[in-house]
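Structure, as structure tokens:
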Amino acid sequence: MYGLIIDHIATYIKEKYGESTWSEVKFVSGVTDDTFQMDKKFSEGLSHKLIWACHDVTGDPVDELMTNIGTSFYKFLTKFEFNKVLRVLGRTFPQFLNGLDNLHEYLRFTFPKLKPPSFYCEHESRTGLTLHYRSKRRGFLHYVQGQIRNISQELFQTEVVIELLDIEHDLNLEHVIMRLHFNNLDFNRQGTAYRNLNDSILEKVKITSDIFFDIFPFIIVFNRGMRIRNIGIGLLRVMAGIVGKKINQTFLLMRPFIRFRWEEIMLHSNNIFELISSDPIQEDEDGILVYKTTDVDQMTEERHRMGDGEREKFLSLKGQMFYMEEWESICFVGIPVMSHLPQMYKSGLFINDFALHDSSRDLVLASTQQSAELKLLLHQEAQKSRNMRENMNRLKKERRRTDKLLYQMLPKSVANQLRHGESAVACCERFDSVTILFTDIVEFTKMCSSLTPLEVIEFLKVIYTNFDKIIDTHGVYKVETIGDAYMVVSGAPTKTEHDAEFILDCASQFLVEAGKMVNMNNKIHKIDIRAGVHSGSVVAGVVGLSMPRYCLFGETVYVANKMEQNSSPMKILVSETTHNKIEESDPGLYQFERREEIEIKDDQTIQTFFVVSRHGPHRVPSPRNCESRQDDSQTEDDDDDELLLPRKSGRKSPTSEAEEELKKKGQLSFTPVSDAGIECHSRNSNKTPRQSQDLTPRKSIT
């Protein structure tokens, strides 16, 4: 399916429901593109994916959506000026419907691999007609009905009522029969005009059969039994052996999609017919062109699947069927379909075989003259399309990188609000129930006095990298890190009723992770952290312009910080509010140890508790509760890490210089000692590294 139809569906959704709904439809359907190139082929099922996704998002019935989208098709075509072709397709509405197949043939110049539907009319009267619609695609009936209603109003100011008569499925085709009820004022006007002609003048206009077959060199005359009675002089030169044979065994009917029978042809005489020889035209040993026929019933579908190169081996004719009452036969008046002169030469045809009175000679010569120009233009257009696709891919990649940076600075839900044009003030929100965790490293200042600045950076980098991995799976969000302080919240920006439980699970894992870190250069013997937790209400929002940050405001932040300051090494100190919240939601989940009250401010005290242990399995947060700083909606290659590092150049970045300096000195470096542990040793030291020490807290949290 070409992008013209897909782009029409996308345009309708955007104009009817808005960009936000279109974004939801893309997400539900798994589509990533915003625009669709008109002449590019897409998956056959993509249109149905978009329609069903729109149904899921908006709740509108699928049939109603298809009808409304079809109704907007004529307006959509005005962007590409295809509406100008529709205006001249027929003088009346029935003529327009009969000319739709011809329109699709015209569109093959723009869409060479087009698989169009077929339309033909019968039982026309003053009150309407019966329309047959055949297509290899299913599910577009309401789409076509919407097109018919809209075009009848736009071009012919006629109201049409569509009555569905029958639906059949045969040979991978969907055959729909509809009765179109409308006021057909032009019915029989043309026949009346012909009957008013002077009969005496018509009697004087006579023509012999020899002249007739000379004027139409590729005519085929066959009787009711489908046997070929005579052929034109041009066809006689290349297919002399077909006279007396059945036309439906000598040729295959490509268009329209009907059975190759006398009755069917009589019903569809207003349609363009395309025939293709059932066997290829070949040359004998003497170089004389001969035609071989067999009685093998070859499927027409095989010809439809053939490529242009394979079809050139067969003779294709396109024309119209006329019933000759005097001969009691049907005349097929057509011309060969030749894409270029070499094909005509291989078929044994020459320019003088074509009629003088029509433009067939001019078309063949003009096609050759324009072939080089068209090929050049097509090559240039193809190159432009490739460049556009490459630019679009680069744009998408840069957009993903920008999103990745944004999601590292702000929560994904808040960042998406800002991207959609909302102000920073509009992103501010009050959260009545959140739980905040503060941690810091015990005697961090004393540690820094024995380490170089680069060692301090590497030390914090390893610790916080492991902490970041923990929070991604615990339904919490890292607000900020200042020095050795690490602040985490649960319940904002994504609300959850298990915020206290998620925070305590995360804090417990922090202690276990810190206890597994040792140092081998005798500067740091062990790493202890302390943690403080408090629950309450906060106001959250984005602060700053040049460097926007997601910040929390309120007394809850202050109290949580006080909990951390009054905690003990490798301990989690929680406030009475958090303690009560855990006990109310899930009694006995955690074992607590009561501690003395601590002063908060202005002689205000609060009861505190140490977390001793946990009982039962950990609760797994839902994906929507995990506000990661990474955008995991897109998968990218490793080279996307260039987003956070300077481009490769002759000058080294400060980060790479610092890492090299550490390697040369052979000082502090951290590597995992187990699935979650850290081992520190000197890479350049000749001493064998000691076994890592288990520095889990003495009263471990299980």
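In case you wondered, yes, glycine gets a Cβ from its N, Cα and C as well.
Under the heading heme binding site, Swiss-Prot lists H104, citing similarity to another entry as support. Classification of H104 (heme binding site) by DSSP places it within a helix.
Marked as coiled coil by Swiss-Prot: 368-406.
Feature annotation from Swiss-Prot assigns domain 'Guanylate cyclase' to 435-564; the stated evidence is sequence analysis.
D440 (Mg(2+) binding site) carries a strand DSSP state (E or B). Taken from Swiss-Prot, the feature Mg(2+) binding site covers D440, D484, and the record attributes it to similarity to another entry.
Taken from Swiss-Prot, the feature region 'Disordered' covers 614-702.
Annotation comment: Swiss-Prot describes 633-643 as compositional bias 'Acidic residues'.
Feature annotation from Swiss-Prot assigns compositional bias 'Polar residues' to 683-695.
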Filtered by Cβ under 8 Å and at least 6 apart in sequence, the residues in the chain of H104 (heme binding site) near it are L114, P116, P117
Per DSSP (three-state), D484 (Mg(2+) binding site) is coil
Neighbouring CB atoms within 10 angstroms of the CB of D484 (Mg(2+) binding site), all protein chains considered, total 20
